[in-house]
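Asker: Copied straight from TrEMBL:
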- A:6-30: transmembrane segment (TRANSMEM)
- A:62-85: transmembrane segment (TRANSMEM)
- A:97-120: transmembrane segment (TRANSMEM)
- A:140-161: transmembrane segment (TRANSMEM)
- A:190-214: transmembrane segment (TRANSMEM)
- A:226-250: transmembrane segment (TRANSMEM)
- A:262-283: transmembrane segment (TRANSMEM)
Ligand SMILES: Nc1ncnc2c1ncn2[C@@H]1O[C@H](COP(=O)(O)OP(=O)(O)OP(=O)(O)O)[C@@H](O)[C@H]1O
Ligand SMILES: [Mg+2]
């Protein structure tokens, strides 16, 4: 009964959804620990992907080295961005900070366009084979790599927040900054770390998407898809971000299926997530996993 | 043995913590402390008593550096810890120097477990997991009822949350704990239990404590020395016995004595309503 097209789309949905989940996690990480709604999340993907592309094509570095350098560059980029742009805004009204991140988003898009041009550039082939077989379906190796990378990142996040000293410190800071300080945690350090991790991991996602679709400003649109994902999951829930990402990924692809097979509306792929967003928010205003604080009676 | 004893003796002569005539201002204009001085000798429990709004919590925050998080500053005077000036230093530096504040209202991390809260207490420590696990066991030794609580700390009772807050402070292995109103909102029985544990804990671990309380009766049971603060000033100080015997302290802070009911004392109550 289930056509191979449908299967293919479900698999796509899971793979892309996992990536959405990863970027959504990065967004939630910044929101939770610094209370900043980062509208420039998509540009982290963009900058990361272009950096890696440039290292591979212009400097002709081997891919793993370029990947690692991109990672380091984005870590520094995240820290500097936090220190120079966002730290002075601590204590300013939420709306001002949002305007600044929207401004950053536009600024980075323009800068990247000025440097690398407006056209999509393909990544040089990294993998020796064009496609591998998964349960009889042909899958691009970059897609497989993307899934592996997503899962590894998710496990790493789970470990980090549950067991590592800095992870606990970040959670404590998210819960109550004054208490965190009373424990000897440097809140400035936590903020910088949140931006560093977020930028690094988003860039990773950017490189992976760039390898599949080519590197272009469409990557920041990938970042926009993260909003339905985080809002579905609840703005402050890491698990919610992953589930939200998977839901959005699957939904897009199922919408594509319904559209191409039955409805023939054309653009359902892009708008379906936003319909679902509205419906979920009507039923659960805190998102599926958003928390209200514990209230002991 | 003799020289060692002599050393301890001199150690108690220069106080571990010394607050000298400090003035604290919030938001650059609100003057809250107006020349507060107090000393806390090594290994002792010193209590700071006073009514609501006297500036007790402000004094603790001035010492721990948390004042900065509320836009407050020490604008005059000095705070020395082990002979070094610490006024207006950032809180993370002061924790590393060995002073740990347990804030009013316990302030545990509600969406974490007991163990996670305790591990956070050890944030500034550099020694490894084994030492930290051993210290968690030590906290459970003093507060056995925490051991059975495996859920989120937000669901603990008020008394258990207070114990967790104190346990979390112990995890930092501080030289000194600043404890702000541990009796707040606890039943009399639980206050008794908690204070008894605090007393043994300080005696056995040698941790020095500055204890802020409104419950003067309980505080003077475990402290060796006390200060009384009103409207941003220290108005009285003395040893536990001096304070417990002081007529004014009896009247305003210990309360409940039989004679209070007589007309004569009521009049004197009105007359001496304020220390200043
Ligand atoms: N962050 C702040 N900004 C401005 N004023 C403050 C701040 N914190 C405290 N105050 C003021 O300082 C004074 C002393 O407050 P503080 O909290 O130190 O009193 P307290 O002795 O601890 O009282 P309580 O027993 O009620 O806890 C009060 O008048 C209070 O309004
Ligand atoms: Mg207080």
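Quick reminder: no glycine exception, Cβ is built from N, Cα and C everywhere.
Bear in mind that TrEMBL entries carry predicted annotations, made automatically and left uncurated.
Looking at the shown structure, can you explain where the listed features end up?
Answerer: Within the chain carrying the transmembrane segment (A:190-214), a Cβ under 8 angstroms from the stretch's Cβ atoms is held by residues 19, 22-23, 25-27, 29-30, 33-34, 38, 41, 44-49, 51-53, 67, 70-71, 74-79, 81-83, 86-87, 90, 120-123, 126, 140, 142-143, 145-146, 149-150, 153, 166, 169-170, 173, 180, 222-223, all 6 or more beyond its ends.
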Asker: With pairs 6 or more apart in sequence, are the transmembrane segment (A:6-30) and the transmembrane segment (A:97-120) linked by at least 3 Cβ pairs under 8 Å?
Answerer: no
Asker: Using Cβ atoms and a strict cutoff of less than 8 Å, what residues sit near the transmembrane segment (A:226-250) while being 6 or more residues removed from its termini?
Answerer: 10, 12-25, 27-29, 31-32, 41-42, 154, 157, 161, 174, 273-274, 276-277, 280-281, 286-291
